[in-house]
Amino acid sequence: MFIPVAQSAFKTLRHAQPRVRLYFINKNGYSSQVEYKPIRSVLVANRGEIAIRVFRACTELGIKSVAVYSEQDKMHMHRQKADESYMVGKGLPPVEAYLNIPEIIRVCKENDVDAVHPGYGFLSERSDFAQAVIDAGLRFIGPSPKVVQNMGDKVAARVAAIEAGVPIVPGTDGPVTTKEEALDFCKKHGLPVIFKAAYGGGGRGMRVVRKMEEVEESFQRASSEAKAAFGNGAMFIEKFIERPRHIEVQLLGDKAGNVVHLYERDCSVQRRHQKVVEIAPAPRLPTEIRDKMTEAAVRLARHVGYENAGTVEFLADESGNFYFIEVNARLQVEHTVTEEITGIDLVQSQIRIAEGMTLPELGYTQDKIQPRGYAIQCRVTTEDPANDFQPNTGRLEVFRSGEGMGIRLDSASAYAGAIISPYYDSLLVKVISHASDLQSSASKMNRALREFRIRGVKTNIPFLLNVLENQKFLHGVLDTYFIDEHPQLFKFRPTQNRAQKLLNYLGEVLVNGPQTPLATGLKPAEVNPHVPTVPLVTEPPQGLRDIIVRQGPEAFAKEVRGRKNLMLMDTTFRDAHQSLLATRVRSHDLLKISPYVAHKFNNLYSLENWGGATFDVALRFLHECPWERLEEMRKRIPNIPFQMLLRGANAVGYTSYPDNVVYKFCELAVQTGMDIFRVFDSLNYLPNLILGMEAAGKAGGVVEAAISYTGDVSDPKRTKYDLKYYTNLADELVKAGTHVLCIKDMAGLLKPEAARLLITAIRDKHPDVPIHIHTHDTSGAGVASMLACAQAGADVVDVAVDSMSGMTSQPSMGAVVASLQGTPLDTNLDLRDVSEYSAFWEQTRTLYAPFECTTTMRSGNADVYLNEIPGGQYTNLQFQAFSLGLGDFFEDVKKAYREANLLLGDIIKVTPSSKVVGDLAQFMVQNNLTADQVLEKAEELSFPKSVVEYLQGSIGIPHGGFPEPLRSRVLKDMPRIEGRPGEELEPLDFSKLKEDLKESHANISDRDVMSAALYPQVTNDYLHFREKFGPVDKLDTRIFLTGPKVGEEFEVSLEKGKTLSLKAMAMAADLKPNGDREVFFEMNGQLRTVHILDKEAVKEIHVHPKANKSVKSEVGAPMPGTVIDIRVDVGDKVEKGQPLVVLSAMKMEMVVQAPQAGVVKKLEISNGMKLEGDDLIMIIE
């Protein structure tokens, strides 16, 4: 039943008469004189949420509110909510400021304060504080000092409970101050036991001990915590009750001896003995037990003469027994749930009782107090549940709360921009739900918590949501082991936090410049490329992929060979931009045009869109997942076969891998949407080639074995790679089971006459096998060569859309289409569609101006027939030359490339063998070496790593063998690899790799594991980047590369139906003391700011170094806090898991353990030093 209160009458009485004396005879038969004296002003000797809670009650009662605050709290909300506020404890540590009794009394006396409310924590259970308040002529809103003292003394409280006939748990007779006393008790009474702070509560200084060897260490830690929290490290020890429920009874008592209970609360959901979720009333508590428990609580309160609000806490076992734990002689954090179910304002009641009003006058008689429904309180804290609930501090970048019917919020500094400090409790906001039954109340709470958006610090909301969805919780089956026995509560789906991460990325670009290296000084164009429209509701027409899916690779090959017209593969999505734009084209732009390609180019043989350098570059420079690129393209282009470049036993890497890595890669690629594997080896080394073919075939892909072409079969003087060499290779690949044969002319060396000779020879020997020709147009003869191939019997040739063709890219699609129109080889593509497709890429290409090959290469160049540089390498080699300061010597680099190739034995040149030649060429130019000098000085030169590994045999054996005497002179006594390099490698343990990745990264998928198997460090860096900056692939390309202009408005589509509207507002001119620069944005109409470390400016100021999370030897602070104990020194040997340092923050101590065994090389901390999260503590090698 809810009790109406005539507030106006009390306000009138308060202001009309300063003092009224009332006399009562209480129902127990003893008389008492109760003085009513109105309170006009209340000082709250506390901070945060509870201070604001009391201020609100004062305002409702017409009472002036006064706040005190520490230096560290000068920006805190509670001081702004009060009518007046005054600093206390200037120069003192944060907690001690609120424990400074003389200063608090001084503020009261100087500012005409009538009464003091202690809140909870700090001084609330200090009898000397209550006495000091009374001695100063003020009123203490709480029990009398004597009761506070007796109830705060665990021993005295136990004695009182025994005298009142309340059951107790066996424990020490008095406070224990030494570990020896603790050990004696444990030996006498046995384990388990629980240590509790003798002069405070709230779970501080509380430890359960189950092993005798842990007694001393646990006692020291618990005592240290208690001393920090309450000023006294004395402990109380008692026998630990297994599987109890923690139930507490809320009481109100007045000065006339009246006591009522407001029913009970279940506080069993605890972590580290601190309450996490509270429920009122306690679910599934039998009525007879409830009645006995509440009667015992009231009896104890009357026995000790309790007045004001308080709580009696019990442990209840499964048999219906209950035991007294303690009395909390103050208001408690969870008082809110009792207020919700009874309708009684406990804080206002405290004030009124302190004024001298009795419970009957307030309308609070036991028969009128009835519970209605169920209330739940969740304490939202700035703790990371995925990291052992370590406190998390920082700035609240975003704060949006959950509200609505049945939801109450009690908070303090919960607003965007608030600073969460390490000095105080981690409580951010209390969320209270109220409904007719437990399940409905939990549903409201669940909904409200899901509405919260908190960014900048981690919170325990994911954990709370798991609790609220647990079936045992929903049915009220609870005990204090609930959290410990439900490990699934700690399985979280990480919040994506995409918007704020993107703002951090944009801020990083604006403050510190591009986050992907730009190859030139050119800027991306300010264009928004026109995307040609297609009917969105219409499925694209069927293509050749339908045959692969329904009938398999053999049927696909037969269909291709059976067609009379020339088929085309479009390389625009991969090799074209690899050759012209350093592989930098992003998924964002590829996906824009994908629907158009699906609708207009369904007759394509395939779309080359993956593999090769795109895999590495996507992770390393574009900060996006290549697997997601493939998956998203497949969604938009379901009808055209996809083709990828597979480097045989090298997969999409630059080295040899264990065989199971190649097999697993192909399997995952097919699952993600790949169809055709163009398998090649950089040396045409058959064992490597065949492994790749087998892996692709086993995965269910179309195997297209590629012969890498070099030399000139039309030149009788070029005998190393003659026609017979290529036809013999073709025979071997057909015998090995290839579905399609490919000639991979990676440098564009296949002249029209050579094309006619080569294709005719292969076609004559293998009339039923489809032949596919890949080339580059570096010389300008690409179209002519491809037409010659078609006329000689090739089924497929490679082209790129016109605006992405020519030079080191592929021949022009439009030129080939137009040349064959009206002939038997007609491609059946519409030139108008090609033109519209080309127009999109013509505009899009300008976005990638920083990587534009035309910066250094103005046209094609027939000297490729001399230097034989592959098209995909040509522009990259130019950019590398410029970055090495050899830009003016690129002609020399090209000449050196030819010499390097001959030095190495005139080898097949395609990644990774082409890199070997390129590295040697640049090495020669840098060191001004001729080929003869290289050979002469080979034994003393320090060759590039790639050259040494090639000569060792790490990528296979070249046709004709290794060059001698160069190989012997370079390698000397280094080991050599005989046979296929990957054959001797141990299979990779994917499960172990996944576990290793999970140690450093959340939400690891099998795709991430595969990427890490191929590119360990690159993938690790990418995962760190993704966690920090989110889905940067959703940003427009210009914004991604160089950031937005100040004042620019733009949109970011995160997913279907979720679009962010962003505007870059300003960047602060002044640095923060820690080197941060504040950047201002507007997001969806709301102001957002991010703080970005200015990496240039910070060089001028001292900032504590951060631990690199990817380097296991660097030990970082797991939470912000103060160093209170350093247990090792430089040079010490440590074992994995050994305690290194003890940190203290938010009244909690944390032992930092060694992540690995080793020797302490460097120590970056000292005792008393204040650390931020991830600050470097030490280096262990």
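Just so it is clear, glycine is given a Cβ too, placed from its N, Cα and C backbone atoms.
If you check TrEMBL, you get these features:
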{"type": "ACT_SITE", "residues": "Arg330", "note": "active site"}
{"type": "BINDING", "residues": "Lys154, Glu238, His273", "note": "ATP binding site"}
{"type": "BINDING", "residues": "Asp575, Lys744, His774, His776", "note": "Mn(2+) binding site"}
{"type": "BINDING", "residues": "Arg647, Thr911", "note": "substrate binding site"}
{"type": "DOMAIN", "residues": "38-488", "note": "domain 'Biotin carboxylation'"}
{"type": "DOMAIN", "residues": "158-355", "note": "domain 'ATP-grasp'"}
{"type": "MOD_RES", "residues": "Lys744", "note": "N6-carboxylysine"}
{"type": "MOD_RES", "residues": "Lys1147", "note": "N6-biotinyllysine"}
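In this view, the densest Cβ surroundings among the binding-site residues Lys154, His273, Arg647, His774, His776 belong to His776, judged by other Cβ atoms lying within 10 Å. The Cβ of Lys744 (Mn(2+) binding site) has 26 other Cβ atoms within 10 Å, all protein chains considered. Highest Cβ count within 10 Å among the binding-site residues Glu238, Asp575: Asp575. Sequence-distant contacts (6 or more apart, same chain, Cβ under 8 Å) of the residue listed as 'active site' comprise Pro118, Gly119, Tyr120, Ser124, Glu125, Gly142, Ala309, Gly310.
The Cα atom of His273 (ATP binding site) lies nearest to that of Arg647, taking the binding-site residues Asp575, Arg647, His774, His776, Thr911 as the candidates. Note on Thr911 (substrate binding site): other Cβ atoms within 10 Å of its Cβ, all shown chains, come to 26. Each of Gly171, Ile194, Phe195, Lys196, Met206, Phe236, Ile237, Ile325, Glu326 belongs to the same chain as Lys154, Glu238, His273, is absent from that list, and has a C-beta within 8 angstroms of the C-beta centroid marking the ATP site. Note on proximity: among Lys154, Glu238, Arg647, Thr911, the binding-site residues of the record, the Cα nearest His776 (Mn(2+) binding site) is that of Thr911. Note on proximity: among Asp575, Lys744, His774, Thr911, the binding-site residues of the record, the Cα nearest Glu238 (ATP binding site) is that of Thr911. In this entry, ATP is bound by Lys154, Glu238, His273, whose most widely separated C-alpha atoms sit 17 angstrom apart. Taking the mean position of the Cβ atoms of Asp575, Lys744, His774, His776 as the Mn(2+) site, the remaining residues of that chain whose Cβ falls within 8 Å of it are Thr571, Asp745, Met746, Thr775, Asp798, Gln810, Gly871, Gly872.
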